[in-house]
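J.: For reference, the structure I am asking about is given below.
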4 protein chains.
Amino acid sequence: MAGNTFGQLFRITTFGESHGEAIGVIIDGCPPNVEIDLEFIQGELDKRKPGQSKITTQRKESDTAKILSGVFGGKSTGTPIAMVIPNEDQRSKDYDHNKDIFRPSHADFTYQAKYGNRDYRGGGRSSARETAARVAAGAVARLFLKQKGIEIFAHVSSAGAIDAPNVPSRNLAELLEIRESNIVRCADPATANEMIELIDGVRKQGDTIGGKISCIIRNCPVGLGEPVFDKLHADLGKAMLSINAVHGFEYGSGFAGSEMRGSEHNDIFIAPEGDAPVSTLTNFSGGIQGGISNGMDIMFRVAFKPIATIMQSQQTIDKDGNAAEIKGKGRHDPCVVPRAVVIVEAMAALVIADHLLRQEAISL
Amino acid sequence: MAGNTFGQLFRITTFGESHGEAIGVIIDGCPPNVEIDLEFIQGELDKRKPGQSKITTQRKESDTAKILSGVFGGKSTGTPIAMVIPNEDQRSKDYDHNKDIFRPSHADFTYQAKYGNRDYRGGGRSSARETAARVAAGAVARLFLKQKGIEIFAHVSSAGAIDAPNVPSRNLAELLEIRESNIVRCADPATANEMIELIDGVRKQGDTIGGKISCIIRNCPVGLGEPVFDKLHADLGKAMLSINAVHGFEYGSGFAGSEMRGSEHNDIFIAPEGDAPVSTLTNFSGGIQGGISNGMDIMFRVAFKPIATIMQSQQTIDKDGNAAEIKGKGRHDPCVVPRAVVIVEAMAALVIADHLLRQEAISL
Amino acid sequence: MAGNTFGQLFRITTFGESHGEAIGVIIDGCPPNVEIDLEFIQGELDKRKPGQSKITTQRKESDTAKILSGVFGGKSTGTPIAMVIPNEDQRSKDYDHNKDIFRPSHADFTYQAKYGNRDYRGGGRSSARETAARVAAGAVARLFLKQKGIEIFAHVSSAGAIDAPNVPSRNLAELLEIRESNIVRCADPATANEMIELIDGVRKQGDTIGGKISCIIRNCPVGLGEPVFDKLHADLGKAMLSINAVHGFEYGSGFAGSEMRGSEHNDIFIAPEGDAPVSTLTNFSGGIQGGISNGMDIMFRVAFKPIATIMQSQQTIDKDGNAAEIKGKGRHDPCVVPRAVVIVEAMAALVIADHLLRQEAISL
Amino acid sequence: MAGNTFGQLFRITTFGESHGEAIGVIIDGCPPNVEIDLEFIQGELDKRKPGQSKITTQRKESDTAKILSGVFGGKSTGTPIAMVIPNEDQRSKDYDHNKDIFRPSHADFTYQAKYGNRDYRGGGRSSARETAARVAAGAVARLFLKQKGIEIFAHVSSAGAIDAPNVPSRNLAELLEIRESNIVRCADPATANEMIELIDGVRKQGDTIGGKISCIIRNCPVGLGEPVFDKLHADLGKAMLSINAVHGFEYGSGFAGSEMRGSEHNDIFIAPEGDAPVSTLTNFSGGIQGGISNGMDIMFRVAFKPIATIMQSQQTIDKDGNAAEIKGKGRHDPCVVPRAVVIVEAMAALVIADHLLRQEAISL
């Protein structure tokens, strides 16, 4: 119950602190006979790793995942898949000044209060470094989903107040190519340039800024999601809200939908021709009705706050409650979303893989 | 894993269909010696029950909860508390026309596809009637929290595009009194009148409209919430997203926060005087940092889509995929938020109660 | 985590005290489209109910189960099946003398110490009456297993020191008929008579005696059971040890196997002819190898201690630690095993149903 | 649900195959501020490691545990503690002959049927090597329990048909010293010699033999264990039955108790003098009443079958169902119990640690 496990049947447990020996993950429940493509896993990690471009942190870590168990002859065996990612470029000294001071809007104060014993180096367990383990596990989930024809695509749809237009309804592989052609990971190249300019400007001011990521899950079979509490969007929401810096989640029509009338919001069914699957004229439901996937694209959006570590002086307090001043050191991201795109995809993949197994369990 | 259980240590399991014998809930993990005030529980159910006012459904059900176990001498015993709410005013015939037709944006199609055998009367298990069981269980959680001094308050902060101003920072008991003085359950009386007018107009058109509910949790101790996956806001988010018709969740600065700079978003600590608790100048963190409560007010907002059942003709399909027409019958709500306020509070109470016990477990 | 839930995917949660309103159970995870035969369920409850014969308690309760949800058109819908069994023949006054006194080898002292607030009437939650809810739920599991061709049979193999010979390897339906032809529920009629005589003699002395129940699960598919911790026999063991008064569990060769050599204990595989399933010459493994079913009969044995309530005077202490004397009142069983046979079968059915679903989940 | 996780609040997840890179464990839920004594952990592993004496396998592995996370300044931080034990002395070639042949009474056949893809080297995931990860995790649990004054002691009480007398009621530290003075780990030196002679003789014949381990848990507080399903002895039973080769579990009076009368079996309470804790004259309840610890010594016994790998020729079948012959190669134990003593203690520690936290959670 200590909260380091996610999923019911396709289940991951992560471990590790930012400046400890290593971080890692155990995947328990991956079905046997999934082809474990190491290059794909590493490719996903590379999209999250630090030091990718001028608008990410300049820390350099290769984030190389090593598989310790659960794979035989290139395929999963159905036993736990353990993966370890050693920590490399730790400048723990960058954090000595944090030892007894609580950084504003960080987890320093709450961890100290909760546990009493806190690894303050680099944020310890509260560091977003933990998400590398999620990306590795999510990559395995994606390999499983790939075998089922299910695709997941996310991109940066907003940086600060700059919003990208809705992505055109096209092939996800094409969108991926466009997204990866720019360092901010937006599927609209023109907007991408604006976003990069904004983030770079913010960085130069020693400040940070938030953003949003939009995600599409395609070819998800009808029937995933469990009423009542484990609605598919509720599990997606929890997954996204568990990512560092996330402050909001909406699916389908989302917050805007709360201003609509039922007569415009209802997704009218289209009578299918021949063997075609059931579809709807609009998709305000975001592919989920009554908590269960209906076969349409699953669509959701995630809001990230600006990262708390800024390169400016801030007032704060120390462990004893005395006023203090702090200035960010270390190497940090001016905006989290470019690196968070694969984290969103990874968590989405884990939720879908889990619900695929859960649905299978009642199909007997 | 069939999704009818919520919580880890303070755990509820609900059952029941809209037009079956009864709905109900088992609470497992309520600590012993909590005073079980039946009047309070019933009072909460009364705030959710149908037929309250002109802007709610005209169905009449008393929604009387009966406790079957787990209470002795007026106090919880630590054993499961089972509560049953019999179904009363069922006009199942109102739903005969739905038997073979899928209502747009309802769970009819997805339940049929998932299970094959579906109680179509009144939406069966997908009916929001299930939330009465949550309110009953949440009321028990609130009685437990009351013993710990923790208060929860929610109100309708938007109906359609009408937004209430932020509630003044005052006593929650006073806000409750204001909220209960109007039928839309908004803590701002002037806005309440506008909202009521809007909803009543929508109702007369046989249409429906969405809205938003804002919630405050006060006096929550520092330290609740489990990194990494079970962050307090992630569990709150899942709880809210599991409520029927919810399409979005945000806490603290929420979606708006994604447009802010770190330098304005960071909540600066105030050096406490004497024995005062640690506090912050602003509360963009919504009372939660690194997934763990920091002692400030926990604040979040929930977006509800317009209810799918409208009193207008709509195109749809039947079980065999043929085009069909449907018109809502029965007695339905034009806007879900006035009755959903206590559901939001109930789910919030369940999350906080659960995390209180989880935190206690490591305090050894 | 309060321990009133059993199973992962086919999951039950029971509630209720001996002298409260009712006991009952929610089954969550029963697949849809299982035929719910009420007569069968009631028939199982009848085999557990009090007042069956001279060697059981003379309390009279009809133990009639009522289904509140989850069944539509005679079949399960995949939503929670709630069942309630009202308490009827409560002579709570029989227990007034227990209020402040701890009965030896009962749960009075430990519940008081654990919870502080205890329903002392009839043992409250610790009463074996709770097992009626398990039998009702187990009956649903058996209906599901029946659709898969899986059979379960248990009988009283020992009463006190009287052991029945091994049951001949025959049709389980025939064994059931023999078993039900005698009031002690032993599949060997000659031994049954001896057992009845023993138990009746013990009863006349106001004493009680223990016994053993043996169980066979037939036609279980190969592959059920999860290494490492959720081995099939580990889950069966936990299920059996959770039944009131059980003090021991063994499967296959059991305790006697610990005295054998590997060369005699190993079950030699028989090369199958044609499409015949793989089988073994002996079955010391009890149908389970490496924690996973191998297709042979699953065989285990459960030891029950003598019931603690005797009709004799005993020394004990009261709530304040003072010496006291107690004499059993009420109407109690001289030996638990005749009524426990269906409880063993029910729990076995729940374990197998759960593992069937778990295995299905990885068969994607 | 894939069965590699044990415990609810003090929870472990193990991974690894016998001949893979490494085995290991994540402990999630260890409270913060437990002193993590690496020497103690390694000392426990040393008692389980192969190659200890003439009556254990001659494989040599140092079984050195490395902690990757969750410890800071020598104390637990409340975050996951990951430990890895690299595999060293793998002679995988010893297992080439097993690739397509199923060893009798091993998990080869069932794993192959269940998963389709099996790491056959050294038994893969089904190897008892996995228990080293349990011992490492159990050692951490023991360090936690030590802080609470709870002691655990197990020893070999039977090898084959040779039974040790009951251990005298004395200091557990003294018993430990006696136990560790002989290679079979029996607390009675005279019996130990007989046992060693027996096992060595069996080994020379290329055969194996079973045995029993008895365990005492002392100073356990009153109140641990959750009715109804998670009775303390049910969780202990499952823990023990999950250990490789275990075929039986009993606690308190156990199987023998089923032949006793209630009048002799009931544990009479002794009126405590002054502040002394409540105790009983006898302890047939094995320290647990109604599933909850009563403060007396918790006592249970575990039966192990003879190890299946013998150095003799045996008939069997291959993957295609053809008759085949197999002869054990590799280096194996003639009797599992001397090395299993610390596994029993480790699993007992994990169960008690888990229930301590569970009890704490309701003590609010």
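Including glycine, each Cβ sits where the backbone N, Cα and C put it.
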J.: Which candidate from D:R142, D:R261, D:R331 does TrEMBL annotate alongside D:R125, D:S126, D:S127, D:N244, D:A245, D:G290, D:K305, D:P306, D:I307, D:A308, D:T309 at the FMN binding site?
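T.: TrEMBL lists D:R125, D:S126, D:S127, D:N244, D:A245, D:G290, D:K305, D:P306, D:I307, D:A308, D:T309 binding FMN, and from D:R142, D:R261, D:R331 it also lists D:R331.
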J.: Widest Cα span across the FMN binders D:R125, D:S126, D:S127, D:N244, D:A245, D:G290, D:K305, D:P306, D:I307, D:A308, D:T309, D:R331, in Å?
T.: 44
J.: Using other CB atoms within 10 angstroms as the count, which residue among the binding-site residues D:S127, D:T309 scores least?
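T.: With the binding-site residues D:S127, D:T309, fewest surrounding Cβ atoms within 10 Å: D:S127.
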J.: Please list residues from the chain of D:R125 (FMN binding site) whose Cβ is under 8 angstroms from its Cβ, counting only those at least six apart in sequence.
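T.: Once residues fewer than 6 apart are set aside, D:R125 (FMN binding site) is near D:G16, D:E17, D:S18, D:Y111, D:D119.
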J.: So which one is it: of the binding-site residues D:A245, D:I307, which has the fewest other Cβ atoms within 10 Å?
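T.: Sparsest of the binding-site residues D:A245, D:I307 by Cβ contacts within 10 Å: D:A245.
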J.: Go through the binding-site residues D:R48, D:R125, D:S127, D:A245 for me and flag any whose C-beta is under 8 angstroms from a C-beta on chain C.
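T.: Checking chain C against the binding-site residues, the residues within range (Cβ-Cβ under 8 Å) are D:R125.
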J.: In whole Å, how far does the CA atom of D:I307 (FMN binding site) lie from that of D:R48 (NADP(+) binding site)?
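T.: Checking the Cα atoms of D:I307 (FMN binding site) and D:R48 (NADP(+) binding site) gives a distance of 16 Å.
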J.: Which whole-number value in Å describes the distance between the Cα atoms of D:K54 (NADP(+) binding site) and D:T309 (FMN binding site)?
T.: 17
J.: Can you give me the Cα-Cα distance between D:R48 (NADP(+) binding site) and D:S127 (FMN binding site) in Å, rounded to a whole number?
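T.: With the alpha carbons as reference points, the distance is 14 Å.
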J.: Out of these binding-site residues, D:R48, D:K54, D:K305, which one has the fewest other C-beta atoms within 10 Å of its own C-beta?
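T.: Per-residue Cβ counts within 10 Å for the binding-site residues D:R48, D:K54, D:K305 bottom out at D:K54.
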J.: Name the binding-site residues, out of D:R125, D:S127, D:K305, D:T309, that lie close to chain A, meaning a Cβ-Cβ distance under 8 Å, keeping sequence order and answering 'none' if none do.
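T.: Near chain A - Cβ to Cβ under 8 Å - we find D:R125.
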J.: Hey, does DSSP put D:R125 (FMN binding site) in a helix, a strand, or just coil?
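T.: In the DSSP reduction, D:R125 (FMN binding site) maps to helix.
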